[in-house]
Amino acid sequence: MLLAFDTSSAAVTVALATPTGEIVASSTTVDALRHGELLAPAIAAALESAGVTPRDLTGIAVGVGPGPFTGLRVGLVTARTMGEVLGIEVSGVCSLDILARQSSLSLPVAVATDARRKEIYWALYDGPAADGSRRRLEGPAVDKPAEVAHVLSGLPVIGRGAVLYGDVLGAADADAAEYPSADVLATGVATRTLEVVAPEPLYLRRPDVTMSAGPKSVL
Amino acid sequence: MSEPLILGIETSCDETGVGIVRGQTLLADAIASSVEEHARFGGVVPEVASRAHLEAMVPTIRRACETAGIKPTDVDAVAVTSGPGLAGALLVGVAAAKGLALSLDKPLYGVNHLAAHVAVDTLEHGDLPKGCVAMLVSGGHSSLLSVEDITDGVEPMGSTIDDAAGEAFDKVARVLGLPFPGGPYIDKAARDGGDRLYVTFPRGLTSQRDLERHRFDFSFSGLKTAVARWVEARRRDGEDVPVNHVAAAFQEAVCDVLTRKAIDACKDRGFEHLLIGGGVAANSRLRSMAEERASAAGIAVRVPRPGLCTDNGAMVAALGSELVRAGRAPSPLDLPADSSMPITEVLNK
Ligand SMILES: [Zn+2]
């Protein structure tokens, strides 16, 4: 059984799939501030509803971002520790690739997500191949919407960025979701139609050197 | 029945710690520190610390299990610091602990970092005294706590009203041109022939008037400023700054106030034990002065060895072990990381 989750957006999305990519349990909750609280119970609930134990897992798929760092790390550290103690492989997938797969359009598409600070994470994708996979042509990168509007122009845009900056980026793909879906992640990894990378976070930004406001070292 | 095997995770600041204990026996205390990445900034950069925790987590868990000679599946419960600390840093440890507890189908204990600094002494000296005053001194806090049963809660008696003791060490070290973190360097400079009586620096909140309102509180901001002014005046006059003497005199002022108030707190509660923890507890002058003054007052001092005083995973495992042994109910899987977890809460329920 493959366990898949993504915490790179405001959503915490979890799915369980059979080795052939059939979804047997899934849930998605949108709450940008509670990834750390929501993820583990959602995994436990998925396992329970499918009647499987952690030892029945054969692999883990996790979105590696880009996305807000704090939430992103919750997913990655959960995947890595679970993979370690269960002795199973952890497959990383660029979270923008997941979103690209969520478009049913038979055209090239752009993905734009909320990078906060008035910026977007974005990437460009080819039209879908016969197996549904899409090749990433450019990105992932982080920029101000106006700075990359000319690159994205004319393409349907998928993801939260299309909703937030529709006026700058142009037409959103009205049918596509705003957030990555663990169902798509699970099926894509099970059927090998999503590119798998190491479970390393795609930060795309250097850390801000703002000092701890509080204690330098908490006791 | 053998004692419970507990794995503890600590990520509240810049140390990724994973400790393993069986009952009150320490089996492993693995640590990865990002302190060097922060040193050039003169303080901890939260995002740098959080990134380092993610990278260090699995290797540190692996190292701890190897040292302890156990498999993760042998663990009976997972404990983790759920607060207080840097929010983003805590979150990495809490999520890792949940990943472990969930995979192993074992209970999860989200514990208070400060209480863990107290509980770590069980690994060195066995059961905690039935009642004791705990003085926790580090770069983050300086507190006096009354502890009757560590698994039940602790009662704050006083704390710093401005800088933490360790913070004062860092700032004075900077003034004296010593590296970060300042504590060990000041201690060493003082020991290298420093004259403790060379200058008398102010002792914060020790006047009769201050004691009425702040009997068990600390203040180190005035002391830090006094040292900086003294050093500046010397430099302005073109004179050399005797670093060893200034370090010794500064350290003397800090340790004087800390030990005086700690002993007063023991007397106030009628406790015969004083426990000292936190990074500053590694300070050699603090240890010797506490011993001296406590023994004169008929009070026994318990200080874990320096390696256990600084942040580590063993202290979290030690507190987890006490909670399991006391039969406390574990934390839920939706346990949050609480950056301002109150000291009165030992276990996040
Ligand atoms: Zn500490």
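Cβ from N, Cα, C; glycine included.
As recorded in TrEMBL:
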type    : residues                                                                                 : note
BINDING : B:HIS113, B:HIS117, B:ASP311                                                             : Fe cation binding site
BINDING : B:LEU136, B:VAL137, B:SER138, B:GLY139, B:GLY140, B:ASP170, B:GLY183, B:ASP187, B:ASN283 : substrate binding site
DOMAIN  : B:26-317                                                                                 : domain 'Gcp-like'
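Neighbour density at the Cβ, taken as the number of other Cβ atoms within 10 Å, is lowest among the binding-site residues B:HIS113, B:HIS117 for B:HIS113. Comparing local CB density within 10 A for the binding-site residues B:SER138, B:ASN283, the maximum falls on B:SER138. A simple Cβ count within 10 Å picks out one of the binding-site residues B:GLY140, B:GLY183 as the most packed, and that one is B:GLY140.
Around B:LEU136 (substrate binding site), the same-chain residues at least 6 positions away in sequence with a Cβ under 8 Å from its Cβ are B:LEU114, B:HIS117, B:VAL118, B:SER142, B:SER143, B:LEU145, B:ILE276, B:GLY277, B:GLY278.
When the binding-site residues B:GLY183, B:ASN283, B:ASP311 are checked against ligand 1, B:ASP311 have a Cβ within less than 6 Å of one of its atoms. Reduced to three states, the DSSP call for B:ASP311 (Fe cation binding site) is coil.
Contact with chain A, taken as any Cβ pair under 8 Å, is found for the binding-site residues B:HIS117, B:LEU136, B:SER138, B:ASP311 out of B:HIS117, B:LEU136, B:SER138, B:GLY183, B:ASP311. The C-beta environment of B:ASP311 (Fe cation binding site), restricted to residues of the same chain at least 6 apart in sequence and closer than 8 Å, consists of B:GLU10, B:SER12, B:CYS13, B:GLU15, B:GLY17, B:HIS113, B:SER138, B:GLY279. In the three-state DSSP scheme, B:HIS117 (Fe cation binding site) falls into the helix class. Here the domain 'Gcp-like' (B:26-317) has a mean pLDDT of 95 out of 100.
Annotation note: B:ASN283 (substrate binding site) sits in a coil segment as assigned by DSSP. In this structure the residues listed as binding substrate are B:LEU136, B:VAL137, B:SER138, B:GLY139, B:GLY140, B:ASP170, B:GLY183, B:ASP187, B:ASN283; their two most distant Cα atoms lie 18 Å apart. Annotation note: B:GLY183 (substrate binding site) sits in a helical segment as assigned by DSSP. Under DSSP, B:GLY140 (substrate binding site) is assigned to coil, being neither helix nor strand in the three-state scheme.
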